[in-house]
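Going by TrEMBL, these are the annotated features:
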BINDING   Arg79, Arg104, Asp131, Pro132, Met133, Leu134, Ala135, Thr136, Gly137, Gly138, Ser139, Asp200  5-phospho-alpha-D-ribose 1-diphosphate binding site
BINDING   Ile194, Gly199, Asp200, Ala201  uracil binding site
DOMAIN    6-208  domain 'Phosphoribosyltransferase'
Amino acid sequence: MKRVIVTEHPLIQHKLTLMRMKDTGSKDFRELLTEITMLMGYEVTKDLPLSEIEIETPVMKTKSKVLSGKKLAIVPILRAGIGMVDGFISLIPAAKVGHIGLYRDPETCKPVEYYCKLPQDIGEREVLLVDPMLATGGSATAAIELLREKGAKNIRMINLVAAPEGIEEVHSKYPDVDIYVAAVDEKLNDHKYIIPGLGDAGDRLFGTK
Ligand code: PRP
Ligand code: URA
């Protein structure tokens, strides 16, 4: 319960440093996020169950392991979460993708929902909820609430950078949701931005600032 898994692999930490630098442009930012997502994917999928099937190699018949049919759904929180979809899809091509549209109101910093489209059988799927930033935790908890309303049972959250405040908020409401993160930063500033952080992930990904 209340598991936070910090993925401290040197490649992830190196690439995250490049993403944090203010002069890193959108193209590099996007590519680095995809690369980090794939590296984090190794840790996130480490416990997927396997079963053995009979196969024939060019040399002989043998038994070999395959993923044992656990169905997955990748659910990005729009917009910035979109930047983590390609990395996961390339690792798990059979996964379905749902979308939850939320933006943080600039005045109140509270999440506003504007879109939700999930796979119909979301209740039978292991959900990977992805968003680069976990700041106050408002967007994450709103997304988890929506997923639960639609029947999702098993949810794991994957963030690039989290503030301690956001982790605390998610786990106070949903202690069973494991949080995978590349870095837990110091805190939130007065504008509820993560510090040191990397700025506005959505704007940096899509070049909107
Ligand atoms: C960012 C980020 C998270 C949210 C985190 O999205 O991608 O969804 O803020 O903040 P919180 O933990 O305080 O809710 P934003 O609202 O800026 O929308 P965008 O992805 O469309 O830019
Ligand atoms: N959203 C972001 O993109 N960055 C932050 O630091 C906080 C919320």
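Placement of Cβ uses the backbone N, Cα and C atoms for every residue, glycine included.
Remember, it's a predicted structure, so these values are computed and weren't measured experimentally.
Less than 6 Å separates the Cβ from ligand 2 in the case of Ile194, Asp200, drawn from the binding-site residues Ser139, Ile194, Asp200 in sequence order. In this structure, Gly199 (uracil binding site) belongs to neither helix nor strand by DSSP; it is coil. Ligand 1 lies under 6 Å from the Cβ of Ala135, Ser139, Ala201, out of the binding-site residues Ala135, Ser139, Ile194, Gly199, Ala201. If you compare every pair of Cα atoms in Arg79, Arg104, Asp131, Pro132, Met133, Leu134, Ala135, Thr136, Gly137, Gly138, Ser139, Asp200, the residues listed for 5-phospho-alpha-D-ribose 1-diphosphate, the longest distance is 17 angstrom. In the shown protein chains, 25 other C-beta atoms lie within 10 A of the C-beta of Ala201 (uracil binding site). Counting other Cβ atoms within 10 Å of each Cβ, the lowest count among the binding-site residues Asp131, Asp200 belongs to Asp200.
Checking the binding-site residues (Ile194, Gly199, Asp200, Ala201) against Ala135 (5-phospho-alpha-D-ribose 1-diphosphate binding site) with a 10 Å Cα-Cα cut-off leaves Ile194.
Of all the binding-site residues in the record (Ile194, Gly199, Asp200, Ala201), the one with the smallest CA separation from Arg79 (5-phospho-alpha-D-ribose 1-diphosphate binding site) is Ala201. Nearest neighbour of Ala201 (uracil binding site) by Cα distance, taken over the binding-site residues Met133, Gly137, Ser139: Met133. Across the structure, Gly137 (5-phospho-alpha-D-ribose 1-diphosphate binding site) and Ile194 (uracil binding site) place their CA atoms 11 angstrom apart.
Comparing Asp131 (5-phospho-alpha-D-ribose 1-diphosphate binding site) with Asp200 (uracil binding site), their Cα atoms are 12 Å apart once rounded. Put plainly, the binding-site residues Gly137, Gly199 were compared by Cβ crowding within 10 Å, and the winner is Gly137.
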